[in-house]
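Chemist: There's a structure below that I have some questions on.
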Amino acid sequence: MLIAGDELGNTLPPGNLAVRSSFGGWKSARLIIFVEMAEQFASYGISSNLITYLTGPLGESTAAAAANINAWCGTEAFLPLLWSFVADSFLGRFRTIIISSSLYILGLGLLSFSAMIPSHSKDSNQLQVTLFFISLYLIALGQGGFSPCIKVFGADQFDGNDLKELKAKSSFFNWLMFGSCVSILTTRLISSYIQENLSWSLGFGIPGASMLLALLLFLLGTKTYHFTTERRGNKNPFARIIRVFIEAVKNRRQPELHIANPNETLLLVAHQSSKQFRFLDRAAVSCDLSEIEDAKSVLQLVPIWINCLVYSTVCSQIPTFFTKQGSTMNRYISPGILVPAAALQCVLSLAMVFFIPIYDRLLVPIARSFTQNALGITTLQRIGAGMFLSNIAMVVAALVETKRLQTAQDDITTMMSVWWLVPQYAIYGVSYAFLTIGLQEFFYDQVPSELRSVGMALNLSIFGVGNFLSSFMISVIDKVTSQLCQTSWFDNDLNKAHLDYFYWLLACVSSIGLASYLWFAKSYVYNRPNTF
């Protein structure tokens, strides 16, 4: 049963396109894209250059700074799981966005203030360090609620039951990512320059102003939004799914399938996905078949989620070691003009900015004519393409680092041009476009409609867990190589370090992860096989 109406009551029955001019559709979705752009400007304005701030003004070692950044990024991407539970069960997405945005803005303000505190000794002032990390994790708390809900809220402006709007929704995810890339590109150019050449406080303050703008823009569109809450009866969606697993365990010795609701259609049993996880069918003694199918749809996401962790672990090296790698190279584009190391990440954003419109307007229509799929290629195929390109990018990164070390001298910037890093950034840009947009669509559409915030949170948590895995891997490798090889692979002097070995290791792990992903993706059953 569909219960339409959320916090503000702007409702839209499924399939009713006549009132699109008033509520929902592209009118609201475009505004959501601008809100996302403002938030991404703030987010990447902080994260892109953290490695420089931690190893510079705060005086941390390269390994410690990389571990701290990965831990923060992991927390930032893992908190959406908590927020999505709150949003889908209690607050609703609209209220969650407002509350989390306020926390986000508070954290950014404190971060800018912490950079104003002077250090009176070589070691960073303890108050400055403490306030810095408090503000950083307050930002993570705010972003944890904002990120999953704003994406789902934007996609909810379209009716997934209408084929035309289904295509529009898929296009929305593409243009949402395009807008984010434009914003990320801009902030990496502006913020990194201001932070390194003018003031860290100002460089952190501008992202704070951008997040305030995001909240104001979001509130501006309140009267145009389409609010819909789908819930079956008064049952909490989490409680329903958990109950299925509990009942399946309790009735594990039950020899036959018993239907709790005899009037419910048995077509669900014939559905292809019902052939998977048959042990859950034993919950039919006391659960509806639709509830069992929801539990199955959530459970079959787990192998895909696990296999994507390899990609996120590799991807977490971009704002850390890729940036430090660039800082040791010749970054002068002309006498007196030095490119900030963090600005190299603009190449990644540029690759996405150029690729996404080509994909959405050219490649998708061509693919549709061959596959007869509304999306061109399936979401799992997009994810697989992203993982494959990620593997290629890591191989390129290892080859470039090997060449850099051949020309390096201890504690001296190499004469090798920083433009050698462009290929690995560009390939990662295209890889990220494929995989991230694919993951957003996949986890939005393949979870029960009542749990779409949770679906988006699962998507974000992939990168959170990946950052934690990267942090753990770096810590272990740093300790082991320091003892066995005398010089760590992550030595503060990268000309003595061996990032090339680390990159080759990640390339091998990535290849294994891709093979495992393809095996599980091949057997995956879509909830809506005709469109996905």
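Glycine is no exception: its Cβ is also placed from the backbone N, Cα and C atoms.
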Chemist: Could you tell me which of the ranges 25-48, 457-480 is annotated in TrEMBL as transmembrane segment?
Modeler: 457-480
Chemist: Is the transmembrane segment (457-480) close to the transmembrane segment (175-194), in the sense of at least 3 CB pairs under 8 angstroms with a sequence gap of 6 or more?
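Modeler: These two stretches do not touch.
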Chemist: Residues sitting near the transmembrane segment (379-400): Cβ under 8 Å, six or more positions beyond its termini, same chain?
Modeler: 304, 308, 310-311, 314-315, 317, 322, 420-421, 423-424, 427-428, 430-439, 441-442, 445, 500, 503-504, 506-507, 510-511, 513-514, 517-518, 521, 524, 532
Chemist: Report the listed stretch (97-117, 129-154, 337-359, 412-437) having the maximum count of Cβ pairs within less than 8 Å of the transmembrane segment (457-480).
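Modeler: Looking at each of 97-117, 129-154, 337-359, 412-437 in turn, the most contacts to the transmembrane segment (457-480) are made by 129-154.
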Chemist: Would you kindly list the residues that approach the transmembrane segment (501-520) from elsewhere in its chain, counting only those six or more residues past its ends and only Cβ-Cβ distances under 8 Å?
Modeler: 303-304, 307-311, 313-314, 317, 321, 383-384, 387-388, 390-391, 394-395, 397-398, 401, 477, 489-490
